[in-house]
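What follows is one structure encoded as structure tokens, with my remarks underneath.
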């Protein structure tokens, strides 16, 4: 430990949390004030602390601001708490570390590079370890990689027996060793290093490594050397923003600009009013001490109105939106119709920011195997030495209906779940057909399956892929039973006889080679290479003597692929002892090469895998998932285009396309692009466009390629053509189509088709296709897959969906949403996506309407109060009304929502619900402008009507005076300027104000005032007052007086 400490290797303590108790408050506040809205309201709060410009109390801003910051802080603290909890759970796991020759308990966080750790069965691997030895024979070690890729038991991680025995740590006296290896990276399937020990040099590969997070299974104990510590590299997750987010940001900026405009208008109004009118009232309405001019008063008024009208900028908008999104996420998680009882897997919204974007999806990019299909492989058919097996035939050689399955009762080790209906294959095995025997011998030897026998005769196979498991199980039932393996041997029971083959080399499968080979020595000493792989790869590597057999087998392969079956070609090659010895020595030297090791090994693999003899081919059925055809049909009715990106053969993919109703017989034409050069691909795409243009609108002299394509916004008349078309393109043609000078032509052609199927594509090509559509089509994309090869596609799309299937959980971990079956995508998009989008749009409309309604009242009131920045509505009154209407309207809204918006309606009429692009197309709808006009009339007319009716029904003194002057002008009694001036300066209101009486006149006073306009209105009031007093003191006199009149 002391020696390794000086290199300062990474600590094994992982930390995914962002805060601690000391840094939480400052760091979180700093992050929150990165948002413009929060900074804006902090600026408002500072303004409100200036008494010269503030007409609102400071708490009217600080309360909502603190509330918003607190809610966000609580959410961030909660998330970080769970991250701390997860970190502590991992860091405090116990492990046994060999320190000074003694095993001691250490926490994972204290494990260091160079430590030797002992693991026991069912324990997690604490760090990336180099396997030294184990309790199993030959140093085998079994692990479960579920936390890495969701797989089952992986292949054995082992060293050679000599190293496994000698490297057993037995104390401090053990000789020291040194490991030189690559730096830490995120490539789980590759490792390169060298072990120097006892003056010997040993190659280290991925097969010798136990990766952190794996679980030790079926192994009592093992020892490992810590190579890498820490949680490993973590890539930065790209934050996905929705169109609603972008729309809200744009709206907020426009609203802020509108606020500034209102402030400027009112500031100018204040300056003009103070200059024209306010200057005359300086005696009793003097300016503040700091105000020395009308212009400066307008400047202060601008900031005062920015404070008063601040409610037009919604402070709580983002928090409210996040709360709504969180609720929508729970709706998805709680949806019982998206729960898979078989796997006990519910739907999961792994993000809360993309819910409404689900309602805007226009393009779906889907994997095939495990996504559209079940990824449960069944050995269906095979071709052996030119004869096809698997179809039941009658006496005349025609296909017949399936009857009883083949009886495998002769084989006590047969799998009872295996079904095969062609008895001819079993008869060929029992009759000793050498080609059939060699066919199944290859299937029982060329694989990396692990065998486990819990009880006598009960075999359990653990395979890396369902394909391998299906092939080995088929060989098992036909009498070639794989029983056990060691690092150097494979034991097979061939028709009841146990035969052990010496395993000389494994040339493993990868995405580039697309084949796998083993080299074995049989008991007679004969060396043979067995190989299985893709037909496009193996048929090129056959001996020329196989031409006729290869032609027949190719016909069988095309027939199988036409039925949607997954095919593999099988071949073998006998090796001379001398050649193998030379080749093995060159392989050993290449394995120890310090540089370009992978390239050297690939060249040696390619050398030995030539001139092979063809044995036959296998066909495995991968059945469609339940509900896939119906789901695709409904999504197509909703004008959602579906592209399938798969690694299968074009024939297989096309057949699956017909099975799941992506392709139909009613389609006008299905274009297949298979060009090998750039010119061939360009020509095939051009011909496809010309055929689609026939019978449709013409565009000049046919279709012009590059100059008529717009790189900023791709629009084409092809998308409006009549008829339905589909496009099928393979991997090497797609590589040319994705080049910069042809990608627009490919996209133009593909987008005009109803369905697109890309075959033989790599994971990188999947991501490139998605990126191409994102780049040129302003549309929301969704990618769905179930395997690690779909991760790049899922991360590239706007929305990523992972299927929790049999290919692991890497796709789920990288996805935004996850569920167990493809059919749930229908409900996710057409129900939850639509609901979320419509709810969010209606919420935004109501939110902005509410804010504008409240703010415009103050703007309008400014014209009636001399632009003095006074408040038109009492804050306490408005708060109560606000809460009443908000909560009340929410209650009514949700009641109507759940009553009227039934998910069954959309499933019944999917083509009647067009909801794509509502946010952008809203202002283009006449009903929106009609609503604005009606709202304006409804808001203004009551005010205007009230002011006019008040003049007639309940006039005030000033109103009566104005009415009298208008009447006098109509009858021609115009007063002089002097009499008008004198009237306005007669005896004032002092006595009336000091008496405390109301200044409003009664109807008697008004009538008296109207008949005797030459008398002072004060005299009228005095006479009325004395008359009332005399009437009250002597009522009899009053009565007599009245009689005399």
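FYI, residue positions are counted from 1 along the chain as it appears here.
Note that Cβ sites are derived from N, Cα and C of the backbone, with glycine treated the same way.
In TrEMBL this protein carries:
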type	residues	note
ACT_SITE	367	active site, 4-aspartylphosphate intermediate
BINDING	367, 369, 786, 790	Mg(2+) binding site
BINDING	367, 368, 369, 468, 509, 532, 566, 646, 647, 648, 760, 766, 789, 790	ATP binding site
DOMAIN	2-62	domain 'P-type ATPase N-terminal'
DOMAIN	812-871	domain 'P-type ATPase C-terminal'
TRANSMEM	41-74	transmembrane segment
TRANSMEM	251-273	transmembrane segment
TRANSMEM	293-319	transmembrane segment
TRANSMEM	843-864	transmembrane segment
TRANSMEM	884-906	transmembrane segment
TRANSMEM	927-949	transmembrane segment
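What TrEMBL annotates, mapped onto the structure for a quick look.
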residue: 367; record: active site, 4-aspartylphosphate intermediate; contacts (Cβ under 8 Å, 6+ apart): 644, 645, 646, 766, 784, 785, 786, 787, 789, 790, 793
residue: 509; record: ATP binding site; contacts (Cβ under 8 Å, 6+ apart): 515, 516, 533
residue: 566; record: ATP binding site; contacts (Cβ under 8 Å, 6+ apart): 369, 377, 467, 619, 620, 621, 622, 648, 652
residue: 647; record: ATP binding site; contacts (Cβ under 8 Å, 6+ apart): 369, 759, 760, 761, 762, 789
TODO: Quickly jot the same-chain residues contacting the transmembrane segment (251-273) by Cβ under 8 Å, restricted to those at least six beyond its ends, or write none.
DONE: 36-37, 40, 294-295, 297-299, 301-303, 305-306, 309-310, 312-314, 317, 844, 848, 859, 862-863, 866-869
Open item on the list: Please report, as numbers and ranges, the same-chain residues at least 6 past the borders of the transmembrane segment (843-864) whose CB is under 8 Å from any CB of it.
Closed with: 244, 248, 251, 255, 262, 266, 269, 305, 308-309, 311-314, 317, 320-321, 324, 870-873, 878, 882, 886, 889, 935, 939
TODO: State the residues, same chain only, that lie 6 or more residues beyond the ends of the transmembrane segment (293-319) and have a CB under 8 A from a CB inside it; answer 'none' if no residue qualifies.
DONE: 35, 37, 40-41, 44, 47-48, 50, 52-56, 61, 64-65, 67-68, 71-72, 248, 252, 255-256, 258-260, 262-264, 266-272, 274-275, 278-279, 287, 847-848, 851-852, 854-855, 858-859, 862, 867-869, 871
Task: Mean predicted confidence [pLDDT] for the domain 'P-type ATPase C-terminal' (812-871) - done: 85
- [ ] Count the Cβ atoms, other than its own, that fall within 10 Å of the Cβ of residue 786 (Mg(2+) binding site), considering every protein chain shown.
- [x] 33
Task: Structural state census, the domain 'P-type ATPase C-terminal' (812-871) (DSSP three-state) - done: 44 helix, 3 strand, 13 coil
Open item on the list: Going by a 10 angstroms cut-off between Cβ atoms, which of the binding-site residues 369, 789 has the sparsest surroundings?
Closed with: 789
